[in-house]
Amino acid sequence: MEVSRGGAAAAGGGGARRGEEEGGEVSLREWLDRPGRAVEAPECLHVFRQVAEAVADAHAQGVAVGSGRPSCFVVSPPFSRVAFIESASGSDASGSDASEDADHDAEPPRRGHGEERGEKGFPLKSVLAMELNWYTSPEEADDSGGGATFASDVYRLGVLLFELFCSFETLEEKMRAMANLRYRVLPPQLLLKWPKEASFCQLMMHPVPDTRPKMSEVLQSEFLNQSRNSLEEREAALRLREEIEEQELLLDFLLQLQKRKQDIADNLQDTVAFLSSDINEVLHRQSALGQCGNFSIELDKEVSSGTVEDQSDCGSRKRFRPELHAVDMEEHSRSLEECSRTVPSSVVIQESVLSKSSRLMKNFKKLETAYFLARSKLARQVGNPLRSCDQVVKRTTGSAVGTEGSSIDDFALEGHSGRRQGGWMNSFLEGLCRYLSFSQLKVRAELKQCDLLNSSNLVCSVGFDRDNEFFATAGVNKKIKVFEYNMIVNEHRDIHYPVVEMSNKSKLSCISWNSYMKSHIASSDFDGLVQVWDVTRSQVFVEMREHERRVWSVDFSLADPTKLVSGSDDGTVKLWSMNQAGSVGTIRTRANVCSVQFQPDSARSIAIGSADHKIYCYDLRNIRAPYCTLVGHTKTVSYVKYVDASTIVSGSTDNSLKLWDLSTNQARVIDNPVQTFTGHTNTKNFVGLSISDGYIATGSETNEVFVYHKAFPMPVLAYKFNVTDPISGQEIDDQSQFISCVCWRGQSSTLLSANSSGNIKVLEMD
């Protein structure tokens, strides 16, 4: 005989309650003995009918089941589906052999949760050991029936019917009831509450096998068929409720999904709306610019005929400033020759757009983020009535790039529209132009020194003098070397010698030129000494000994050249005056001070970069506590630099630079930087930081120089220092080298940079 094994592999003794919670199968034995089981007649009769039908199918094939015990069936939710898991056999299951193999035959499949059901249920092993005796018919016990018969199967169904309609609280109570059942003595509550079921149970357990009903009579009995309709109705109701719950679950999911997508659609609609508004604004500006077409035509004619007087920007996109008096005439003449061959401006504009589009598309996602960030700032400004126009960060004077339409832009927008709408758009456009203005960092010159192979050549600091005619270098070689810029750039020599060389007793960490006294330069060293040197005399004329440990940073005030500030590993910041002996003030912090700088237009404010990952801004009229603390870095803040009076850039060994706007937040703590610049690598070394006209230069521990613009978080340009083997002359990859310092040459596009091996290069954005 073949009987369905529906779920035999998954059935087990993990406990009825656990099985129901997991939605899996449990053995019928555990289902019957689960604690607190309520006897529901339709459910019990439904289970009984399924077992009876399985036995009847076996009898129809001429096979006696013999193992029709609860431990041989599993029950599956939600409608108490019963499946037979023990292979039916006509073999003899009675006598001593059956008793000896009781544990083996009666053991149901397990889920691996132990042999017993748990603290609240009956001990499973004990019940299984007794189950075989409970379900053994009298003739099988006397061994007079020759093994399992159809009548003994009916007897077992009577015992099952009794267990289905009787629930017990304790194992002792169940054992007494099962012992009485052997003599067909039923509990009074069963006789009173379920008289038909009790009567049929006694009939199926009659001691005379021939008196017991046949399986056909069992299935056609009145008590079993009366409840069939109600049970089917109950199943239908359960199925309906389950379907309703499933539909409600699906509906809830769809509603949630619709809400989320609707929110996205609303946001997208708003985004498209202000994009359309911005597009219309740009088209309006283009229309205004178109009214200046006559001017553009005249410009084309002048360019074509070569009569434009000032064409230095056409052949080269270098930035020239009125304040830069020393201009290389040879380079200027070369630029004029290039411009004489220039095509009309309309073609130049088209080619320029095409050349920049690839860079724009390469960083499209980041530019998109920057655009929406600028847009969100506008929304916050509109929503904040306390914010006035004078609180907006000051825009730097002059443009980094002289574009063909810059003068037309001012004329059209101011002359025709009379007012400049969309200030954020101007700022974003300026940043975009600055970002796309240059395509590479090229080497203008390389400083060649006679001691380049010296292992102690790490350059810690570089800086230009007041007029950008000279620059100085200082580092672990304990020397301050001053070079003439034009001589390095214009004269090709095998060895470049400094015009002045000054020796110190200790390794130098930082230098700072005086913005008023051209020949004065301050230095700090590893012994905690701060000195001011007179370059013309090559000697120290002021020495300041108050720091107890290494001094990392020193800075002259631009607003008051007699003021000096220094920061040290001893956790103090010292304020000095050239007109007074000793420090004039001390700020004590809780961590090492790595960087200090004066506010550019005031000698009363300073910014401090600390090893505790924070930046502190102090008003020197009240040094007891900072008036503002900038929080956001996750490692030591190694550099702080002012972009303008209300904007600071900080560099940290967490691989990032951050831009802070002090004017947008009146709180004492600012934890939301305007911009975070990433792309370079900086985890343990001082790599330098310098700012010029919105461009931010920094070094990297990958031996690269990176240039950012304050408007965007990604690098604008990068240049890698090549390492050449001094013996073979071939380029090698030395991962130990890093960029150690950088410095812009005033407001130009020229950048002075040095690395840890003492290699110094003059780079230029091109």
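Even glycines carry a Cβ here, placed using N, Cα and C.
Feature region 'Disordered', per TrEMBL, maps to range 1-29 of the set 1-29, 378-406.
When the ranges 72-102, 227-257, 630-660 are checked against TrEMBL, the one recorded as coiled coil is 227-257. Same-chain residues lying 6 or more positions outside the repeat 'WD' (630-670) and placing a CB less than 8 Å from one of its CB atoms are 387, 391-394, 396, 592, 594-602, 607-611, 613-617, 676-678, 680-691, 694, 696, 698, 708, 710. For the repeat 'WD' (544-586), the DSSP counts in helix, strand and coil order read 0 helix, 23 strand, 20 coil.
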